[in-house]
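Chemist: My questions will all concern the structure given below.
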């Protein structure tokens with residue numbers, strides 16, 4: 001199981017690795033704020049169909065036959081990032097990276113659960129969730145430190161290091177015994193849909209919660225490196241990467257403290273903390289305070305972890321074994337749609353009103369939406 005958790009950590013580490021490099025790409029390729037947010041969003045656009053089509057394929061052909069080719073493709077992607085002579089190749093590499101992550105995240109998680117006893121599944125699933133969030137945060141943290149303090153081929157070195165780690169993780173996966181027998185008949189089926197009896201809580205509480213969460217976090221990941229430079233007048237690329245690491249790493253660890261709590265109040269508390277942290281982070285831009293920035297991102301990170309844990313846990317609680325895959329797929333589709341549409345809109349608004357004003361509009365939208373979601377359980381017995 002440790003080898004699979006290591007593989008999950010390394011693959012998720014690559015997802016946000018480019019984030020601290022966005023200001024460098026912006027200067028090197030002449031990209032504007034809309035193109036930078038699109039560079040982040042194209043990853044999520046490619047991830048969704050991969051999540052729905054490639055991931056579930058492992059239930060039929062086996063875990064390793066899906067994971068190994070995807071990890072090899074991941075090594076190829078690192079090569080594309082290293083080479084990238086223009087922004088077109090950069091966008092192509094980012095899209096393929098989304099395909100890779102969509103194919104391996106759920107499959108490696110399922111592989112880990114395969115090796116768990118029935119009574120261990122909730123704990124192991126949470127461990128995989130925490131590993132995923134830490135990996136998402138560790139990538140930009142590592143990338144920012146590398147490009148800031150090892151000034152050698154700064155647009156290539158982070159990817160070279162990740163490529164080496166991916167090869168090591170691939171070797172680790174190859175040493176793990178397969179758990180699924182290959183099926184002679186392969187059916188390509190999209191696992192999505194919500195049973196009629198749980199649609200009301202799913203679409204009135206779970207979907208908007210995860211949509212708003214990914215919208216806010218996606219915007220932070222896409223724009224925070226530029227935010228540090230533009231608003232706080234700092235050119236230190238490590239700060240932007242470390243902020244993203246704090247956001248996602250703390251979010252992962254926060255889940256440990258609510259293991260036995262009911263998912264609805266956990267989600268509600270998480271949303272409150274998320275919007276409080278977002279407003280403090282916005283104030284950091286107005287006052288040019290690095291203390292406010294880290295304080296806000298710390299609170300937002302805790303809120304993000306609780307919101308993710310509560311909303312995903314509620315989706316699992318409401319689902320039955322026969323529909324669980326459909327429910328989780330629907331959850332992640334809604335979540336990653338939040339990482340696409342609002343993030344690109346913020347990039348567009350930045351061109352018109354400036355970064356600070358664009359983030360103020362987004363934070364106001366997130367706040368209004370979160371307050372409505374928090375009140376949903378008070379309007380009737382929907383759970």
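Placement of Cβ uses the backbone N, Cα and C atoms for every residue, glycine included.
Automatic prediction, not curation, is the source of TrEMBL annotations.
Just lifted these from TrEMBL, have a look:
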DOMAIN    1-381  domain 'Major facilitator superfamily (MFS) profile'
TRANSMEM  33-54  transmembrane segment
TRANSMEM  66-85  transmembrane segment
TRANSMEM  91-113  transmembrane segment
TRANSMEM  125-147  transmembrane segment
TRANSMEM  159-180  transmembrane segment
TRANSMEM  201-225  transmembrane segment
TRANSMEM  237-257  transmembrane segment
TRANSMEM  264-282  transmembrane segment
TRANSMEM  288-308  transmembrane segment
TRANSMEM  329-353  transmembrane segment
TRANSMEM  359-380  transmembrane segment
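Help me picture these features in the structure, burial and contacts included.
Modeler: Only residues 6 or more beyond the boundaries of the transmembrane segment (66-85), in the same chain, are considered here, and those with a CB under 8 A from a CB of the stretch are 7, 11, 14, 18, 54-55, 57-58, 92-93, 96-97, 99-100, 103-104, 107-108, 111, 155-156, 159-160, 162-163, 166-167, 169-170, 173-174.
Long-range neighbours of the transmembrane segment (91-113) within the same chain, counting only residues 6 or more positions beyond its ends whose Cβ lies under 8 Å from a Cβ of the stretch, are 1, 4-5, 7-8, 11-12, 14-15, 18, 38-40, 42-52, 54-56, 58-59, 63, 66-67, 70-71, 73-74, 76-77, 80-81, 84, 121, 124-125, 127-128, 132, 173, 176, 179, 328.
Below 8 angstroms of C-beta separation, residues 3-4, 6-7, 10-11, 13-14, 17, 58-64, 67-68, 71-72, 74-75, 78-79, 81-82, 108, 111, 114-115, 139, 142, 146 of the same chain, each at least six residues beyond the ends of the transmembrane segment (159-180), sit close to that stretch.
Packing against the transmembrane segment (359-380) from elsewhere in the chain are residues 204-205, 208-209, 212, 215-216, 219, 223, 227, 264, 267-268, 271-272, 274-275, 278-279, 282, 285, 342, 345-346, 349, 353: each is 6 or more residues past its ends and has a CB under 8 Å from a CB in it.
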Chemist: Look over the recorded stretches 33-54, 237-257, 264-282, 329-353 and say which has the most C-beta pairs under 8 A to the transmembrane segment (125-147).
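Modeler: Going through each listed stretch, the top one turns out to be 237-257.
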Chemist: Does the transmembrane segment (33-54) make contact with the transmembrane segment (264-282) through 3 or more Cβ pairs under 8 Å, each pair 6 or more apart in sequence?
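Modeler: Answer no: the transmembrane segment (33-54) and the transmembrane segment (264-282) share fewer than 3 Cβ pairs below 8 Å.
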Chemist: Quick one: do the transmembrane segment (288-308) and the transmembrane segment (264-282) have at least 3 Cβ pairs under 8 Å, skipping pairs fewer than 6 apart in sequence?
Modeler: yes
